[in-house]
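**Q** The structure under discussion is supplied below as structure tokens; questions concerning it will follow.
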């Protein structure tokens, strides 16, 4: 596990808090059928934990979301459902009612969804380029009732990132809620955050869904060098 880790939680079959951070493969496609076909033909592994960026799909009606959730359940594939942007609430309500393994919701939606998760794990998240705003959001979400917290911040300088990494390490020493810390800017920063504090890290599949996102193999090689 990271040098400073949180309590264990499960997202489907995946236990967050194992010996190394879980590598989550972040994906989006034109439509659900394209994604499902790639899984069925083994272009994409059915052994991964996926983040499905449904807001980046071209075809993304509620009916498409329901088709996606049903297909993933039939294939027994675990995932984090993510939707950024307009009408996010209705997509998350659907995901929770249909018992998706996990959802990644913006901090502003915490406590505002009518559907109450019984199976679905809730990850509260906040994205910014303001370091102080990120730290404030981290404190607020750790104190909320979400299962896990994700904060992402854009950096241009090493010292900015290293300063925040130290502050998050200090927080992790006393507070046990699982955390994903995503420093956007340089790819190695993501691996370093995984080594020290992040219980999960995000990798690209065919193409990145966020700035500086590497393929999964990058993390495996970095962690091999750092952990052993």
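A Cβ is built for glycine as well, from the same backbone N, Cα and C atoms used for every other residue.
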**Q** Could you look at 97, 176, 186, 190 and say which one Swiss-Prot places alongside 26, 51, 52, 53, 84, 209, 213 in the 3-dehydroquinate site?
**A** 190
**Q** List the Cα distance (Å, whole number) between residue 53 (3-dehydroquinate binding site) and residue 127 (active site, proton donor/acceptor).
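**A** Spelling it out, the Cα of residue 53 (3-dehydroquinate binding site) and the Cα of residue 127 (active site, proton donor/acceptor) are 15 Å apart.
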**Q** Can you tell me how far the Cα of residue 190 (3-dehydroquinate binding site) sits from the Cα of residue 127 (active site, proton donor/acceptor), in Å?
**A** 15
**Q** Taking the Cα of residue 127 (active site, proton donor/acceptor) as the centre, which of the recorded positions listed as 26, 51, 52, 150, 209, 213 lie within 10 Å of it?
**A** 150
